[in-house]
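Asks: Please see the structure below; I have some questions.
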């Protein structure tokens, strides 16, 4: 009997199924996209992904550790989604970042106007009737007259003296004392007649001198000549304001009928307004100023207008290197009803900008030295979609009536003037004249006052549409002004300075100038640094992708490759597996329905189809570890522990065959 076989017994000690699995595992690796189920695919992904959290969920031992890693991973995913949502919202909010730079700059344009637009001595002829009626109204209201005591008259005296003082102008627009605003009753100041007030009341209040009791208000009523019930009532808590407003209405009507050449001659010349001039330490004169006629301020003059193509610059900052002028305003020739203050008005602006001195001008006092220090800021805003601004104004459906570059104020004034022409048939005096239009006056347009006030009311309430149409300019320049005052001239230098200035003015010594007629003005840069403010997009596509990458790397140690891997596994491969399984099921169902197989006798304990007999694992699929595990197992035949005998070795040679019987016979004996 042969000895037992002592080879490697480890292979025979393993179960047949485990041996096959171990053998296949060495030759067929597991590939994720070929996994038969999504759960196996997810297991493969967690074991092979670069995101550490997912791998730790699979390889961690113990439920607590797995739970902690699941919680951390989900928290990181939640933070990523939150931060990415914030980045996307920030990207679409069109926010901007601001850049500030400093550099040197040229000197701006400086426009100077006398507060009194025209010499009263030259205007008396045109304003004689208006001035007379204004004095009559003051005498009736306050008992005011030159050389008489200023005692206010009672209402009882109006019937006896007021009727004789009515005028043509006051008959059209009488001044009224409102007794009860709620009952809408008023009394005419001159006649004392009671009247019922029609229309809406618009309060133009003031804290100045009140007329009588606090409840007393004064105003006037403007009505449509074609419809007496359609009226607008303007009330004032001060008789001073009421008379001034009434005076300005008639004043604009008169000035609109005077030719421009005549108005220029009635205004102040550059030689009249300017006494001395210095710029950057160098003497200058009226030839350095460009004349400019303003509808409300008469003759104005612009220094460094750039009209000749040259813009002056200053060598350094400080008051000694700026513009220094002494102005002569001639207070004695002021219109007493039109203006109630003395001095000049200036505005600092760019050479391409229109000087809206009535809106943003700075007033200069007489008998004072006014120093104005400047800081210059140039700004540029981004247009759509970052802000609602315009680059050139060409996209605004409003014609520019000013011969200057676009600005929001130009657009608003042009829009109102165009609405005035379209609605009232004439143009308002304080603004440029549109092509083909003419200024309003009583004779040709008797309804213009009522129309103007009603239109202005809509404009203030933003019902005219101008505020919705006009946009801010994307590029604009701004000068921040700092004003300081000092008494000028001083008491010790007043005598000789006024004598010298009078001599320069070519006046006689016995008609020496008064310091209340003079104003000293200095305009200078505090420093020569320009502050440039520009807007740049705070978010763009590159920044968005960078922020996404930063969030993924911060919270999950994940790069763009990881993102592609996630897209491939969770979207492409998972979808492919699900669709492949559904397709195989649909295909099998269709084949079974189309060509049913013949019935076979039922088999008892028939083994389930596995491996390549399974329709899920067809020949189209590449062999994997999972599909190999489904191959049919071999029959379990017990193998001998010793090799079978070699029967051919038991055959005897022929030489011994003949001896065999003898041997057998000998043993038998």
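Backbone N, Cα and C atoms are what each Cβ position is placed from, and that goes for glycine too.
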Asks: Quick one: which of 564-591, 592-619 does Swiss-Prot have down as region 'Disordered'?
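Replies: In Swiss-Prot, the region 'Disordered' feature sits at 592-619.
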Asks: When you get a sec, could you say which of 531-551, 552-572 is annotated transmembrane segment by Swiss-Prot?
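Replies: Spelled out, Swiss-Prot records transmembrane segment over residues 552-572, not the other listed ranges.
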Asks: Of 26-46, 47-67, 68-88, which span is tagged transmembrane segment by Swiss-Prot?
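Replies: The listed stretch tagged transmembrane segment in Swiss-Prot is 68-88.
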Asks: DSSP three-state call for residue 466 (disulfide bond): helix, strand or coil?
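Replies: Note: residue 466 (disulfide bond) is helical by DSSP.
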Asks: Measure from the CA atom of residue 277 (disulfide bond) to the CA atom of residue 113 (disulfide bond) and give the result in Å, rounded to a whole number.
Replies: 15
Asks: Taking the Cβ of residue 284 (disulfide bond) as centre, how many other Cβ atoms lie within 10 Å?
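Replies: The answer is 19 other Cβ atoms.
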Asks: Taking the Cβ of residue 474 (disulfide bond) as the reference point, list residues of the same chain whose Cβ is under 8 angstroms away and which are at least six residues distant in sequence.
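Replies: Set apart from residue 474 (disulfide bond) by at least 6 residues yet with Cβ under 8 Å, we have 380, 381, 382, 383, 387, 389, 390, 391.
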Asks: Just to verify a number: CA distance, residue 411 (disulfide bond) to residue 466 (disulfide bond), in angstrom, no decimals.
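Replies: Pair distance, Cα basis, whole Å: 8 Å.
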Asks: For residue 451 (disulfide bond) and residue 426 (disulfide bond), determine the Cα separation and express it in whole Å.
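Replies: Checking the Cα atoms of residue 451 (disulfide bond) and residue 426 (disulfide bond) gives a distance of 10 Å.
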Asks: Whose Cβ, among the disulfide-bonded residues 231, 424, 470, has more other Cβ atoms within 10 Å than any of the rest?
Replies: 470
